[in-house]
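Beneath this line is the structure, given in structure tokens, with notes to follow.
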Amino acid sequence: MKIYLVGGAVRDSLLNLPIKDKDFMVVGATPEQMQQLGYRQVGKDFPVFLHPKTQQEYALARTERKVGLGYGGFSCYASPDVTLEQDLLRRDLTINAIAQDEAGNLHDPFHGIADIEARQLRHVSAAFSEDPLRVLRVARFAARFHGLGFEIAPETMALMQHMSQTEELTALTPERVWQEVDKSLGGPHPEVFFEVLRQCGALKVLFPEIDALFGVPQPEKWHPEIDTGLHTMMVLAQSSSMTEEKAVRFAALVHDLGKALSPKEHWPKHHGHGQKGLPVIKSLCERLRVPNEYRDLALLVSDQHQNVHQAFELRSETIIKLFDKADFWRKPERLKQLLLACIADMRGRTGFEHQPYPQSDYLNACFLAANNVDVKAIIAAGFQGAQIKQALNSKRIEVVEQVKLNWQQSQAKQTP
């Protein structure tokens, strides 16, 4: 019986990255032997055991055979006669197929160390194409390690392109697809994840709403990058540089889906695209089982980002209606999220990457003033029932109007 540290822990150690989880592989043991040593079996589909003290996972060496569609269409064979190399052969990428024995020696039958040094994401064997989830995993690794200079090996990209043309991708469950998306949204370069999926052809299969944005033009005056798909990737990149909140990043990703619905004869204009995108976002979120928190913010950003951009032109009544509709009174954190997404939208354009966004300070000032209106004072003044709400609304409009005047005066003083 031999125990090896495998997978991400070995890879990340070689990359001098912090190690989050350790996975171990056991060669030459049976489930009965593991249980006699105090390990507790937890794996249903294949033998995985928890260490009696550390609770870390130890999996028996195994091989896999394709028996059906999808990432779950495999039968596993775990036996004491399965070798280290046979187990590593079933893994996705060479950089994930390196093992370390208990003496610290590295076992690298598929040259993963060389690929780490060359910054290459390369598949281990042709069996890579049997698991459609690997298309998403490689895209996620490309995004995760983009800052380290990793690229997908040409032969691996060719395999991913072939896989995207088969029915395998459609066999993936929404939960597994979203799991990979969510992990990518939490990484440093989520835009790379979607760029890779587009490059291999998986984007139009799994996320047709996003793929449809590429090739849709926007007015060059406001969007020097012109292409809506490119703009969307730039906005997503901007959002990830500003916040780690995955809900904001998701909202940035889908804020312009309505532009794909604009009639070609109206291009490059996209009137009402924010509202047109609402049913598209709802459909996408329902299909992928997107969490309600993400969906609700995405709908808000799509619906209101044009209003936020035009904040200085909005009447005070319209600003209060925006606050009411978004329920900022009970969820003030959503205003911050909305503004972050709008800043990302504004800066996600060629040449505008460092542009100031005074609309954010202005709307924050409006909300602070409106939220400080004292309801108790209104009640004390004798208002009752529905009159209280009307008086509160009028007072909020009044204080926002004052903020508006103060802002205009301060801007006038700054203008030479």
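Just so you know, glycine gets a Cβ as well, placed from its N, Cα and C.
Per Swiss-Prot, these features apply:
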type	residues	note
BINDING	GLY8, ARG11, ARG91, ARG137, ARG140	CTP binding site
BINDING	GLY8, ARG11, ARG91, ARG137, ARG140	ATP binding site
BINDING	ASP21, ASP23	Mg(2+) binding site
DOMAIN	228-329	domain 'HD'
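Here the binding-site residues are ARG11, ARG91, ARG137, ARG140, and the one whose Cβ sees the fewest other Cβ atoms within 10 Å is ARG137. The most densely surrounded of the binding-site residues ASP21, ASP23 is ASP23 (count of other Cβ atoms within 10 A of its Cβ). The Cβ of GLY8 (CTP binding site) has 16 neighbouring Cβ atoms from other residues within 10 Å, across all protein chains displayed.
When the Cα atoms are compared, GLY8 (CTP binding site) and ASP21 (Mg(2+) binding site) turn out to be 8 Å apart. With DSSP states grouped into helix (H, G, I), strand (E, B) and coil, the domain 'HD' (228-329) comes out at 80 helix, 0 strand, 22 coil. A gap of 20 Å separates the Cα atoms of ASP23 (Mg(2+) binding site) and ARG140 (CTP binding site). Those same-chain residues not listed among GLY8, ARG11, ARG91, ARG137, ARG140 yet with C-beta within 8 angstroms of the centroid of the ATP site C-beta atoms are GLY7, ASP92, LEU93, ILE95, ASN96, PHE141.
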